[in-house]
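Notes for the one structure printed next.
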Amino acid sequence: MSTSDDIITTSNGLGYTSSSAAHPESLVKPPQAPSAGEDTIEIKIEFGGGLHLLFSSQPSHKIHIPRNIPNDDNTATQPVNMRYLVKWMKSNLLSEREEMFGDGDGVRPGILVLINDADWELEGELEYELRDRDEIVFISTLHGG
Amino acid sequence: MPPTPCSLCHTARALVKRPKTGQQVCKDCFFEVFETEVHNTIVEGKGIFERGEKVAIGASGGKDSTVLAHVLSVLNKRYHYGLDLFLLSIDEGITGYRDDSLETVKQNQIEYGLPLKILSYNELYGWTMDKIVEQVGRRNNCTFCGVFRRQALDRGAAQLGVDHIVTGHNADDIAETVLMNIMRGDIARLGRCTAVTTQSEDTIKRSKPFKYAYEKEIVMYAYFKKLTYFSTECIYSPDDLEAIRPSAIVDIIHSGESFQLEQSVQKGMKAMQTCLRCGYISSNDLCKACALLEGLEAGLDRSALRQTQANSSNAPTGHRTIPMFERYSNVGASQPAEGIEKAVQAIEIK
Ligand SMILES: [Zn+2]
Ligand SMILES: [Zn+2]
């Protein structure tokens, strides 16, 4: 097995340093987000690979979103999913150049998504049902060799 | 969804879906297969390294070269390559971009315990990219940067006494280059851009150990290993530069490989000589960097062009020039040109 762990870093592996980011941890109040409670869940969002530049230069955000959302034909509710989160981020967190982040309902090719440290391709991508305190990481693979 | 077990060890939870194969692997197995595949690229055929070789890693502070520095350090120990590794960085002089990434490289120097050399455009050419962009605008600045960086890397390597530079070009980058060369009809460069190692006797050897490594896996590796890298778009790169994201990256590389450079094509290429002004390898009297530099200097001082018709070996009076290129080993054999002729010919300096 791997013998490579003799190299110690104090980094986050996300491609930014605290000096290049506006705030290491977001101080931003998510607009109109209800505080965590029965009806909402808390999600931690992190950006890597320079993506934070599209989100007010803040690499880390804690947000609250509804636990349940209306289903497609508005007849009942369903648990909130990644599709909702991505849409929510576009209208509430994204500060510029939407085309650099979104692509249709999803995220543009070249952005890696991790759900609790797992490749979202293993987790159902947009259909993944979010749970309280999930950690979602978005990393751009496009910039700079 | 229930957690998927790793398809290699069948015990740990799969965290990565590999782009090449769709294989679902856990973190430890991912490190293992990623590192082993790079090792296989390195030792395939004659192998790209010689035992005891001094090798400079072209380090930009970005993800690819940072992961390369990490993986090479690991493999060098694990498989006893016996390499003497260095980090070599070029400071293009881009305020707010390069200064941050150079800090990252300095951090890598400490983390990996590798000696670091930084060579700046300013000390070599007397120009920073900031000043070049001020003069030529945004249109051709990437061409200047490309020509200047290539020569700066070679000169930095020579100063380190190193004969081999490795770069972090990955499978996605190479597939893009293949597509670009196909679109340009540049058959001569097709085979060459897919080679793991390029070398001719009078140039410094260059290799791409990440030739078969996907960008996605490089980013995953950096993330899971918590490596220190810096990621932001160069502030001077064109806005509309949309990356080609081919799904069949390895197929594209293989198609490039199949265009072997025919002897007849090679014969048609220009023989190499050295630049009359700075001694760098060149297919013309003046190397690209000297030609570009003369244009920049002339733009500053238009009268200089009028009074003295510059000849090749002497720059017009008052112009800054590039120091003589010295390599400790020197060979003058004729070799096929590589290079950036077309791009350079396409430039006009206003
Ligand atoms: Zn495993
Ligand atoms: Zn020259």
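The backbone N, Cα and C atoms fix where each Cβ goes, and this holds for glycine too.
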One of B:Ile90, B:Ile94, B:Ile204 listed by TrEMBL as binding ATP at the site of B:Gly58, B:Ala59, B:Ser60, B:Asp64, B:Gly168, B:Asp173: B:Ile90
Among B:Ala59, B:Ile90, the one of these binding-site residues whose Cβ has the fewest neighbouring Cβ atoms within 10 Å: B:Ile90
Protein Cβ atoms within 10 Å of B:Gly58 (ATP binding site), excluding its own: 25
Number of other Cβ atoms within 10 Å of the Cβ of B:Ser60 (ATP binding site) across all protein chains: 25
Counts of helix, strand and coil residues, the domain 'Cytoplasmic tRNA 2-thiolation protein 1 C-terminal' (B:273-299), according to DSSP: 12 helix, 4 strand, 11 coil
Chain A neighbours, restricted to the binding-site residues B:Gly58, B:Ala59, B:Ile90, by C-beta under 8 angstroms: none
